[in-house]
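Undergrad: This is the structure I have questions about; it appears just below.
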Amino acid sequence: MASVTRAVFGELPSGGGTVEKFQLQSDLLRVDIISWGCTITALEVKDRQGRASDVVLGFAELEGYLQKQPYFGAVIGRVANRIAKGTFKVDGKEYHLAINKEPNSLHGGVRGFDKVLWTPWVLSNGVQFSRVSPDGEEGYPGELKVWVTYTLDGGELVVNYRAQASQATPVNLTNHSYFNLAGQGSPNIYGHEVTIEADTYLPVDETLIPIGEVAPVQGTAFDLRKPVELGKHLQDFQLNGFDHNFCLKGSKEKHFCARVHHAASGRVLEVYTTQPGVQFYTGNFLDGTLKGKNGAVYPKHSGFCLETQNWPDAVNQFCFQHGIIWRTHRILL
Ligand code: GLA
């Protein structure tokens, strides 16, 4: 069983409303979630010696979340990840979104679901947030009703997403928590062992849009089917980090996605999902300039995200929508 408590987290400027914090507590986990962006602001879990640490990056105060920052802990929508050139067609009509990460649209646009106040509803073991995204919001077609529910049961935090559209519109919701199982504020994630249950991944162009190929991980740096130690792995393959979609093997039923083990603390994160993909992102754009909780600064590679979702740019990539496994063979001339 979990208990739920409710408190004020802060006031939005210019009478924008009150942001509340919901604390879910079980015998194994404590999680804080605020009504601004349905954001997870803290996740406390014990190490093998029984010492509790907060394992997600974030800010102590509301002001931190209102500044320009890389989606710490938030729910992302309407469409997580990138839409090429911010353009897509639905039912023959072309739509144009703001280009907020040149030359593409990223994470729902200028004011995505992470930057709005949601309406909370307390549950016996969690909290449900809802909102109506109006027709045309951020350039997307149709009105969209959205519900995001967090529930806690022992060591399992479940995030459930539901959306109802008044007309055809792309929707791809995820949570953008940055984890560091050594405790947030630890300088890097190199000592973490990562496993991702994917035989294929999506190679991307220089703007991080998938090039349309579903490539086998076999024999590449993307083969994470057996645990790899992140620091050594990045070094061995001379990688700047991961920011890629891994194509999951499971069906539409809940299936295993990834496991991250931090041997020094004994903490383990396991991720399960009903989605066909996961964006594994190693905090490559973090640069140490943000002031985080407890005086933490967040340098490059100081947190990782496992964003379960549909494949990026699916609205523009026919074969991604229909689950066709497409392998292009590059011919070198
Ligand atoms: C996602 C993207 C990254 C980056 C972060 C936010 O994980 O894939 O490229 O934009 O969000 O900084």
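Glycine is no exception: its Cβ is also placed from the backbone N, Cα and C atoms.
All annotation found in TrEMBL is predicted automatically rather than curated by experts.
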Undergrad: Just to be sure I read the record right: Asn81, Arg82, His176, Ser177, Tyr178 are listed as binding beta-D-galactose in TrEMBL. Which of Asp243, Asp287 is listed for the same site?
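TA: My reading of TrEMBL gives Asp243 as the candidate in that site.
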Undergrad: Select, from Arg82, Ser177, Asp243, each of the binding-site residues with a Cβ positioned under 6 A from at least one atom of ligand 1; if none does, say none.
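TA: Within range of ligand 1: Asp243.
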